[in-house]
Ligand code: SF4
């Protein structure tokens, strides 16, 4: 039995992983990768079976943010050529959410750029949530609106918001190198406000920000301490026009080990493969589902993801099912859509697929 299976046994028996255990997972040799995935996968299946939670992002307000988070394409000073718009109307937001829910999502994440919401902004989100819940009574709604002021979490809770996302992003010891317009303490305070209001706290991290291995471990243990119910693990997408544009620190195997480490440290929490999934995990995305139990469907806030249908195909090809779906997608849609006849390359005037 490998060290990683012994660790899984201990965690399953109720002994939490230590920072040393987490570092050992992060620093596992690539030759041990399948052993790491196998062991972390036992924890995933013990708590979540073969279900994948599918989340859908609706960017209610894009760009134009006064904060200076150096990884963010929406930040002050970013010249990334992203879509910039102010608040979607309730009808526009509903139309976007409908598409995600029809695609199989069970949670809609309503996101707005900015330091934090005004009272008017909370009013707008309350309207969207009311309309969304009326149209889709079973939907879970997560709001992600920045730093919260006193009383705002309670208003969101009363409107039916189920979860509030505010990522700590990185270790406290690395935070000030990444952003200067707010503090790590500000971020923790907002997660705590949501939790104290009875809203499920969703808080995660971004890997690849120049942090050390020890700082990644520090961030994960901070999330465990904070009691984050869902942990989005983002992999830095280095947007042109941002200070981290040329920061490429991640490999697919490293990303898989980061997800496995998150599973060992927080075995019963929703570990979500978030932004940068396609770019950094690449052909290991489906393997990562054996460790993580949640993804975003389709596109991200300011960048495109792979086609939603490709996400769903990946889920069913791996023998997983969409959480909340009555049907096993493998039974419903298990057949290939048909053989595509080659119409490019030799014998045509179209470039070959190589
Ligand atoms: S506060 Fe949010 S939207 Fe604004 S720069 Fe930071 S991460 Fe981007």
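Each Cβ is built from the backbone N, Cα and C atoms, and glycine gets one as well.
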Report summary line: Listed alongside 142, 202, 272 for [2Fe-2S] cluster in TrEMBL, from 69, 72, 109, is 109
Query - Contacting binding-site residues, sequence order - 65, 69, 72, 142, 202, 272 vs ligand 1, Cβ under 6 Å - result: 65, 69, 72
Query raised in the report: Near the [4Fe-4S] cluster site, what residues other than 65, 69, 72 in the same chain have a C-beta no further than 8 Å from the centroid of the listed C-beta atoms?
Result: 67, 68, 71, 73, 74, 75, 76, 78, 113, 179
Requested in this report: Find, for the listed binding-site residues 69, 72, 142, 202, the residue with the lowest Cβ contact count at a 10 Å cut-off, counting only other Cβ atoms.
Outcome: 142
Query raised in the report: To test your reading of the [2Fe-2S] cluster site: which residues beyond 109, 142, 202, 272, same chain only, put their Cβ within 8 Å of the Cβ centroid of those residues?
Result: 55, 107, 144, 163, 165, 230, 232
Query raised in the report: Same-chain residues six or more away whose CB lies under 8 A from the CB of residue 65 ([4Fe-4S] cluster binding site)?
Result: 72, 74, 75, 76, 113, 114, 115
Report task. Check each residue in the chain of residue 109 ([2Fe-2S] cluster binding site) that is at least six apart in sequence and keep those whose C-beta is under 8 Å from its C-beta; list them in sequence order. Result -> 55, 56, 57, 58, 142, 143, 144, 165, 296
**Report entry** Per-residue pLDDT averaged over the domain 'Radical SAM core' (50-274), given as an integer
**Finding:** 96
